Amino acid sequence: MGLQQEISLQPWCHHPAESCQTTTDMTERLSAEQIKEYKGVFEMFDEEGNGEVKTGELEWLMSLLGINPTKSELASMAKDVDRDNKGFFNCDGFLALMGVYHEKAQNQESELRAAFRVFDKEGKGYIDWNTLKYVLMNAGEPLNEVEAEQMMKEADKDGDRTIDYEEFVAMMTGESFKLIQ
């Protein structure tokens, strides 16, 4: 991630200083630009200007940032930001949540790159159709042939019968897989 400068949240917080203290974890996980962006979105939902957002608004707030968690992920996030179950959370809780989110996203990215390299042993930048089909039908929770082909067709956006890294990520994260049931 490189050298990060110490970031103070004070300039972006309009509520009592004691509820907006920077933690080292936040400064390591989020850039100044990210903090500014997230603080701006947080303030849009802070209807009363008191530095608090209703926990029920978390889904809309995340959606505005392009993050669409599942219901169970959302429930877990709500517990994390509203530990006292008061029905609201402050900017520090939200920024800490976003720091954790970014850390998990980075970990997932490195895991996906490593998995892709396992299948792209020759470093061609893609996985051929037959290799991927074999893996999908024989590893983990195996798919049947129809399911494997459907999944690959959804993932192979350019129709070249290979799966490049971007297509692989979309397939593995469920962004392209819509199995017809």
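Using the three backbone atoms N, Cα and C, a Cβ is placed for every residue, glycine included.
Features as listed in Swiss-Prot:
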type: DOMAIN; residues: 33-68; note: domain 'EF-hand 1'
type: DOMAIN; residues: 69-104; note: domain 'EF-hand 2'
type: DOMAIN; residues: 107-142; note: domain 'EF-hand 3'
type: DOMAIN; residues: 143-178; note: domain 'EF-hand 4'
type: BINDING; residues: Asp156, Asp158, Asp160, Thr162, Glu167; note: Ca(2+) binding site
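Within 8 Å of the centroid defined by the CB atoms of Asp156, Asp158, Asp160, Thr162, Glu167, the record's Ca(2+) site, lie the Cβ atoms of Tyr126, Ala155, Lys157, Gly159, Arg161, Ile163, Asp164, excluding the listed residues themselves. Cβ neighbours of Asp158 (Ca(2+) binding site) (same chain, under 8 Å, six or more residues apart in sequence): Glu167. Figure note: comparing Cβ neighbours within 10 Å for the binding-site residues Asp156, Asp160, Glu167, the maximum is reached by Glu167. Around the Cβ of Thr162 (Ca(2+) binding site), a 10 Å sphere holds 18 further Cβ atoms from the protein chains shown.
When pLDDT is averaged over the domain 'EF-hand 1' (33-68), the result is 92.
For the recorded site, Thr162 (Ca(2+) binding site), the DSSP three-state label reads strand. Secondary structure of the domain 'EF-hand 1' (33-68) per DSSP, as helix, strand and coil residue counts: 23 helix, 3 strand, 10 coil.
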